[in-house]
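J.: Quick one: structure below, then a few questions.
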């Protein structure tokens with residue numbers, strides 16, 4: 001097997017030595033080939049560079065999968081088309097990735113869409129999940145084929161300045177998502193403790209719990225994955241219980257899911273539909289998934305094994321996102337059935353004889369004598385369920401939100417670790433990385449919980465969704481660029497159809513998200529100097545996206561861009577990874593007619 005020459009013409013700081021690579025196992029190889037103009041290549045020429053293609057970091061410094069990898073059962077029988085044993089071995093990364101589709105921000109977006117539009121935009125949730133699956137498939141393929149996750153690939157393929165900008169933007173997305181998750185967990189603890197534990201106390205408990213669970217990976221990768229699976233099961237059971245007791249009309253649910261139309265929908269409903277898309281497809285999740293798939297022991301020297309891994313990871317991700325969609329559907333349907341069209345006074349009338357009536361009086365208020373439509377959030381949702389179906393429904397809701405918040409804060413921390421490792425090539429001890437990535441997100445969240453009211457906390461959801469929507473191009477464009485590059489993916493490069501579909505879908509999703517962001521900015525009524533700053537940021541944002549698109553076009557093989565001096569100097573990495581001569585130099589290369597078996601053996605022995 002030969003590696004991409006473009007990556008390994010130059011050893012960067014932190015790269016392992018040849019000896020280290022040979023000792024690291026099947027994931028390593030060497031680069032073979034000659035530079036144009038050096039004269040005829042010799043059939044026994046050895047590879048000049050040896051790098052650990054998994055990462056520049058030492059094994060002891062890596063997160064999540066550093067201590068062990070899950071072995072894939074080997075079955076050489078040619079008549080076996082599908083193996084449940086292999087599917088079980090590959091099961092894990094997709095479900096961890098799917099937790100981002102179930103974080104408290106998504107749950108709140110679900111209940112708000114149900115309360116605002118009933119079942120009319122369920123189809124938006126369905127297709128947003130499908131679009132998410134397509135993007136997650138590309139991210140997983142990148143990790144499987146190259147042995148490098150998305151952040152590590154960005155480290156190799158972008159210049160220093162754009163690389164730092166990308167890292168900062170992804171960290172902002174992680175912080176925004178983390179704030180939603182920690183706030184959701186704090187609200188759940190507030191509900192379950194009957195207000196004994198204040199919101200800021202719930203944030204502190206979340207920090208302790210997250211550290212505790214994160215260190216469980218010392219006791220085995222599969223045990224950690226089982227814990228996440230258990231938390232997803234808790235969400236399915238708790239939100240499924242709410243669905244059963246509320247008993248929404250199944251025909252209306254099916255109609256809303258499969259008929260892509262929204263009759264009599266005003267601008268608020270349209271904005272809610274856009275918010276659903278922004279909440280479901282999260283940028284840092286692509287970085288996370290591309291790293292999680294590295295936890296499986298896939299021999300990338302064999303294209304058949306790589307293809308098999310791609311196949312089973314796609315099936316696993318499809319199952320995981322189907323489960324996440326069903327859970328989201330439960331939440332939308334419950335509040336579409338119970339909250340749609342109701343005013344604050346309607347809920348207070350329902351709560352009149354319940355123990356949580358005093359809490360409801362403080363929450364379901366407005367300046368119109370209770371005649372305004374409910375502005376739903378996680379806390380009000382719990383109170384509504386308690387008033388309508390009894391205290392048990394409220395506490396079960398709290399358990400579901402707690403499971404959603406706790407699991408998503410842990411996966412968010414992993415995304416932060418992978419981002420720092422890849423973009424910055426940091427070699428910090430695990431506890432130090434966890435501490436830094438936690439504090440970056442926890443400090444602003446704690447301040448918000450300490451000095452704000454419940455209404456201020458829950459109203460932050462739309463703003464945070466807008467912030468994360470802005471970051472989506474910084475994950476989607478690199479993902480499409482790298483998986484569409486023959487120099488990177490080799491025979492596993494995206495086909496023309498895949499390229500067209502992925503680009504069009506990304507344009508649609510980014511356009512929808514930008515509409516949501518503009519609507520949120522307009523709602524804030526920004527004026528004066530602050531408006532000028534927003535305009536300057538918008539111009540810089542557009543310019544950087546154009547830069548990324550130019551890089552993507554070069555990755556896809558646009559010869560005019562590849563040969564442009566400006567692009568070679570300011571866009572492409574210093575070693576031209578995308579030159580034609582390197583097009584067949586891939587991680588899963590098959591010998592060409594000019595290669596002899598002796599050449600390949602010589603390269604591997606080197």
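Cβ coordinates come from backbone N, Cα and C, glycine included.
Because TrEMBL annotations are produced automatically, they should be read as predictions rather than curated entries.
Sequence annotations record features per position, and here TrEMBL assigns compositional bias 'Low complexity' to 14-37. What TrEMBL records for 1-47 is region 'Disordered'. Sequence annotations record features per position, and here TrEMBL assigns transmembrane segment to 87-102, 122-144, 164-191, 197-216, 228-249, 269-288, 309-336, 383-404, 435-452, 472-493, 500-518, 530-550.
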J.: Report the listed stretch (228-249, 309-336, 500-518) having the maximum count of Cβ pairs within less than 8 Å of the transmembrane segment (122-144).
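T.: Out of the listed stretches, 309-336 contacts the transmembrane segment (122-144) most.
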J.: Three or more CB pairs closer than 8 Å, sequence separation of 6 or more: does that hold for the transmembrane segment (472-493) against the transmembrane segment (164-191)?
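T.: By the criterion, they touch.
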J.: With CB pairs under 8 Å as the measure, which of the listed stretches 228-249, 383-404, 435-452, 500-518 comes out on top against the transmembrane segment (309-336)?
T.: 228-249
J.: Counting only residues 6 or more past its boundaries, what in the same chain has a CB within less than 8 Å of a CB in the transmembrane segment (383-404)?
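T.: For the transmembrane segment (383-404), the sequence-distant neighbours (Cβ-Cβ under 8 Å, at least 6 residues beyond its ends) are 99, 102-104, 107, 181, 184-185, 187-189, 191-192, 231-232, 234-235, 238-239, 241-242, 245-246, 334-335, 338-339, 347, 350-351, 354-357, 359-360, 363-364, 374.
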J.: Within the same chain, where does the transmembrane segment (228-249) have neighbours whose Cβ lies under 8 angstroms from its own Cβ atoms, ignoring anything closer than 6 residues to its ends? I mean 6 or more beyond.
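T.: Result: 95-96, 98-99, 102, 119, 323-324, 326-327, 330-331, 333-334, 336-338, 385, 388-389, 393, 396-397, 399-400, 403-404, 406-407, 410-411.
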